[in-house]
């Protein structure tokens, strides 16, 4: 098992307001599977993804990544584990505008202290896999929306993580481009054996994943 959430509850306190966003969520993610979490805006989808990625701490419950309980680790240990085993894709690509596609994809490898030559070769190969071999020296402003998301996917996969967490990865794309980007993620999951957890409000796209869950008022249930 790659990722496991047990009894995740998240509450926010703002003055007199006590808001429970997630109620005792349980979820298991296995190697190589594609899993969609569908819900309306404000249902807690992004909060759940942040908790599972170790980007925030639950009020109660726990998350296990590759068999290790995140709450039992120091912040530095959590960061190292996350960098080794997780990739992230967001609705907004978060590419650095002053860097080329190649440099954006290579950056996680630089953080791992790979040599510039090794990083460039690995990033070039990954960009070719996502269909951008002729665009590696273009900056984000010189790429289309779909191309920018492909760069973001390449960046998430370049370290060969066990799981990619994707938060509305096609939310800013038109239907045709969204279909292409979504199919690319499914194909890469098959090719690399990487698990993908995709948060989306789009039920049509979600039906193409191996497992589907609905999140309503902070409660998660699996669809048949």
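From the backbone N, Cα and C atoms, a Cβ is placed for every residue, glycine too.
Among the features that Swiss-Prot reports, domain 'ABC transporter' is placed at 3-224, with the record citing sequence analysis. The ATP binding site annotation in Swiss-Prot covers 39, 40, 41, 42, 43, 44, 45, 46.
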Handout entry: DSSP three-state assignment for residue 42 (ATP binding site)
Key = coil
Handout entry: Nonlocal neighbours by CB distance (under 8 Å) for residue 46 (ATP binding site), same chain, sequence gap 6 or more
Key = 167, 168, 199
Handout entry: Lowest local Cβ density among 39, 42, 44, which the record lists as binding-site residues, within 10 Å
Key = 42
Exercise for the section: Give me the non-local Cβ neighbours of residue 40 (ATP binding site): same chain, 6+ apart in sequence, Cβ-Cβ under 8 Å, ordered along the sequence. Expected result: 201, 216
Fill in the blank from the handout: Within 10 Å, the Cβ with the most other Cβ atoms among the binding-site residues 41, 43 is that of 43
Problem - Residues satisfying Cβ distance under 8 Å from residue 45 (ATP binding site), sequence separation of at least 6 - result: 37, 39, 167, 199, 215
